[in-house]
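Enquirer: Quick one: this structure, given as structure tokens, is what I'll be asking you about.
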């Protein structure tokens, strides 16, 4: 006899589930049953030996269970805490200059083109498709200063089913490429229009995020007004901080009355428990303490930090100060759109800091796996909704098949002893790519393979 009033189930999976908790950086749950409700939430995750009990409780038949192959596994969707959707148009090229020169020569001219909404639609459609195919179920996007094309990005992410924050970029100081700039009044007015229109559309999983580019491109007035907009509407905030030594020095010269880079944001109401700041390579212990006190987060972007020769973020130091942190691809300063690349680079950067005796230990692959999933969800304030397979959270997940057609991974007899081994999981994280990601789910809905409607 079924229990009364139980909601219908959209999915019941049996197999291996790999996720993180705050006490365990990588937990491998073999031969488990996971149920997803019609609303996309996880309603049970228990050992398969409990099938009979669960079937009675949730009214399902054995034929409704989808059994994974012994080499397949589910892991949480990857969370990209920092990506410039507009820069995808030149990703994989033009990374031969340090940050400030790179912005002037390549980035601002490329972003200027997004006043053309046809061009914007092509680029944004491709970047959302590409990131979803590569397992990014949640993305925190920078768009450009153009409101209409930024709204288009929100529409496209919603259409494809990706969970996202979308930000219209704000900047009123840009002497190096003056064609790509706003007045203070324009920036505030257009941000208010952007936020208002996005909120009116009532997307289920796409939200606006207030986006001052960085302190060098925003006046104090603009930053203060943006902080007020975020406070009024209870919105998230994203920007950049302490990415490159020249940038840090330039901020000091532009804003000499502030204690440091963090103080510029803090005094202008931009450092809150809904703020995520990219990079942070040169933050002092004093600044990290302020991040902790405010509840602000850091997006660690190792590919970009290396590719533009910006610096190394000491993640262990960030964690020591109990600051929330996730990973970001930072396309196109980071040339890869794949969060798997971000995982690999984060491990390498941590190893470099160990080699150089900055730290006495390195981050493990398991710890970085947690940063890319649960850590990223926490950095974006979504850890109550996504990030792992805890009951009550939404089912944001990717199905991994290490033996997929044309897989870049070779598996051997020793990789399997009845159940999937941790070696296979490691091989995917180090060697795998989108060919191994067979299905992607956001909020319980399968979004990859793509439906014919998109």
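Just so it is clear, glycine is given a Cβ too, placed from its N, Cα and C backbone atoms.
Here the structure is a predicted model, which means the values were calculated and not measured.
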Enquirer: Of 148, 330, 341, 383, which one shares the substrate site with 84, 85, 86, 87, 213, 214, 240, 241, 242, 243 in Swiss-Prot?
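Expert: Checking 148, 330, 341, 383 against Swiss-Prot: the substrate site match is 330.
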Enquirer: Tell me the Cβ neighbour count for residue 86 (substrate binding site), meaning other Cβ atoms within 10 Å of its Cβ, over all protein chains shown.
Expert: 30
Enquirer: Counting only other Cβ atoms and using a 10 Å cut-off, which of the binding-site residues 84, 213, 240 scores lowest?
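Expert: Lowest Cβ count within 10 Å among the binding-site residues (84, 213, 240) is 213.
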Enquirer: Please list, in sequence order, the residues in the chain of residue 453 (phosphoserine) that are at least six apart in sequence and whose C-beta is under 8 Å away from its C-beta.
Expert: none
Enquirer: Between the Cα atoms of residue 330 (Zn(2+) binding site) and residue 213 (substrate binding site), what distance do you get, rounded to the nearest Å?
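Expert: About 13 Å separate the Cα atoms of these two residues.
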Enquirer: Between residue 242 (substrate binding site) and residue 82 (Zn(2+) binding site), how far is it from one CA atom to the other, in Å?
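Expert: Distance between the two Cα atoms comes out at 15 Å.
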Enquirer: Counting across all protein chains present, how many other Cβ atoms fall within 10 Å of the Cβ of residue 82 (Zn(2+) binding site)?
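Expert: Taking every protein chain into account, the count is 31.
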